[in-house]
Amino acid sequence: MSNTESIIVSQTKTTSWRKSDTTWTLGLFGTAIGAGVLFFPIRAGFGGLIPILLMLVLAYPIAFYCHRALARLCLSGSNPSGNITETVEEHFGKTGGVVITFLYFFAICPLLWIYGVTITNTFMTFWENQLQMPALNRGFVALFLLLLMAFVIWFGKDLMVKVMSFLVFPFIASLILISLSLIPYWNSAVIDQVSMSDLSFTGHDGILVTVWLGISIMVFSFNFSPIVSSFVVSKREEYEGEFGKEFTEQKCSKIIGRASLLMVAVVMFFAFSCLFTLSPQNMAEAKAQNIPVLSYLANHFATMTGTKSTFATVLEYGASIIALVAIFKSFFGHYLGTLEGLNGLVLKFGYKGDKKKVSVGKLNTISMIFIMGSTWVVAYANPNILDLIEAMGAPIIASLLCLLPMFAIRKVPALAKFRGRTENLFVTAVGLLTILNIVYKLF
């Protein structure tokens, strides 16, 4: 083999798909698959078969183009080791850094409130329906669960991180297993209800409004934005010095594309399996009861008439336990991000950025009291979870995931080559439609 051929073979090996690329693909995929996925089938199936088919068409473009836009923003900084906050400060100054810190905090903190409501409702429905125990006081249940999680966080954060990381893929496997196991219980109710003469495209329950609201729940459920900055830094340090920024951008796009495909395949299969097992009316009941779809499935199998199979009995209990584990996992993961963001805000505005004025322990205590206290208040109030996602969680995520990168592409010279592309209009539309949910909820 000639020297030229040896060089070509060597370059092909080094620039081809690496083990680290597979690891990050699974990491992005695992970050997105959490408790939010348990509400997607409810919103997607609420309007019947046609809206969920339209959401199926939109799911991959939303997941891929939005996260790729955020990754490109992270890639635009001059420092390969700089995170998104540093990159935004580089482009827009200190004010931009403060804005991104606020956005990150307010994108994650409402998710904790959502998970606080969810875990309270999931535990209470499991206690009353599966264990057949008398109803408990809601405030007491919420306080007990939050204190339990606070205890674990305070005394075993490192162990918690390891356990939560370990639980990611068993949870994904459980979702796939449940989706497959529901196939024998599929029925044609959702198909039978499709009537072309009764179809309505406008109005409160029309297809367009259902899909519009579905976009916000997709932004929420198909979201691995919290890890994109770390992912880009890792890939830049691995590839940029040797192969350049353009190659690194292409590699990041491929990884995001594969992670998005995995995510959409698993979540949409789970959603369709739930919809064919239940019905749009069942999804409406789940929304009214303010519980995740796994808890509703557990109650559904608990009320089955006649002789139940062993599988139905196992699913009745297993679905609730899997839901509880998923919510615990998501709560812990988002708590760490919220704590970091709130610590930064308290330090910046309470102590003028001087780390010598306050200890890390005191910062953590102040932040924990605020986070757990506000989460308990919301959990006790029990607002509708889907309404909270659509009016608060998803719009803030969309502003960070969709609109911030699009604004940067228009204003930052380093991103000028991405201007004028069709996908930019799509990402902007997704962001604006998600934020407009706030207006819709008000009226």
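Each residue, glycine too, has its Cβ placed from N, Cα and C.
According to Swiss-Prot, the transmembrane segment annotation covers 22-42, 44-64, 97-117, 140-160, 163-183, 207-227, 259-279, 319-339, 366-386, 389-409, 423-443, on the basis of sequence analysis.
Within its own chain, the transmembrane segment (22-42) is flanked in space by residues 63, 67, 111, 115, 118, 168-169, 171-172, 175, 217-218, 220-224, 226-228, 231, 234-235, 255-256, 258-259, 262-263, 266-267, 270-271, 274-275, 283, 286-287, 292-294, 296, 323, 326-327, 329-331, 333, 385-386, 389, which lie at least six positions past its ends and keep a Cβ under 8 Å from the stretch.
Sequence-distant residue pairs (6 or more apart) of the transmembrane segment (423-443) and the transmembrane segment (207-227) include at least 3 whose Cβ atoms are under 8 Å, placing the two stretches in contact. In terms of C-beta pairs under 8 Å, the stretch of 97-117, 140-160, 319-339 lying closest in packing to the transmembrane segment (389-409) is 97-117. In terms of C-beta pairs under 8 Å, the stretch of 44-64, 163-183, 207-227 lying closest in packing to the transmembrane segment (259-279) is 44-64. Looking at which of 44-64, 140-160, 207-227, 366-386 has the most CB pairs under 8 Å to the transmembrane segment (319-339), the answer is the stretch 140-160. Scored by C-beta pairs under 8 angstroms, the transmembrane segment (366-386) has its highest count with 140-160, from the stretches 44-64, 140-160, 207-227. Away from its own ends, the transmembrane segment (207-227) comes close to residues 27-29, 31-32, 36-37, 39-40, 43-44, 46-47, 50-52, 54-55, 58-59, 62-63, 66-67, 70, 107-108, 199-201, 259-260, 263-264, 267, 334, 337, 386, 389-390, 393-395, 397-398, 400-402, 430, 433-434, 437, 440 of its chain (Cβ-Cβ under 8 Å, at least six residues beyond either end).
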